Amino acid sequence: GLELSHCVGANSLGPAGPWRSGGPCKMKRVRTVFKPEQLERLEQEFLKQQYMVGTERVDLAATLHLTETQVKVWFQNRRIKWRKQSMEQKAAKPSQFGTIQPATADSTDVGDHEEDTVDVEL
């Protein structure tokens with residue numbers, strides 16, 4: 001399950017989401033804080049492959065003492081960051097030569113891979 005913090009108060013602002021209870025005491029999901037060693041290993045794995053699925057994800061989660069969901073979401077968020085950096089680099093190159101070229105849509109095509117817009121933590 002999700003880790004939940006203590007009651008944040010009945011007057012809490014913001015829409016109810018899947019991480020909040022419907023009662024007067026609203027529970028908020030706690031943001032995962034990764035240890036430096038975990039982040040280093042996750043980054044190493046990301047350099048090898050941008051998509052971690054199946055038993056590889058289960059094994060990595062167990063090795064790092066994380067849940068499979070935490071590893072999945074970390075990879076989703078890391079791919080988003082990687083794409084954003086790639087787009088910024090592409091945009092910066094034409095500006096060095098004084099020309100601006102429109103970005104192509106094919107760089108964001110993920111094909112048959114899992115959806116990247118679910119449960120994103122920033």
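The backbone N, Cα and C atoms fix where each Cβ goes, and this holds for glycine too.
What TrEMBL annotates here:
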type	residues	note
DOMAIN	25-85	domain 'Homeobox'
DNA_BIND	27-86	DNA-binding region
REGION	85-122	region 'Disordered'
COMPBIAS	96-107	compositional bias 'Polar residues'
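Residue counts for the DNA-binding region (27-86) by DSSP state, with H, G and I taken as helix and E and B as strand, are 43 helix, 1 strand, 16 coil. Over the DNA-binding region (27-86) the predicted model carries a mean pLDDT of 94.
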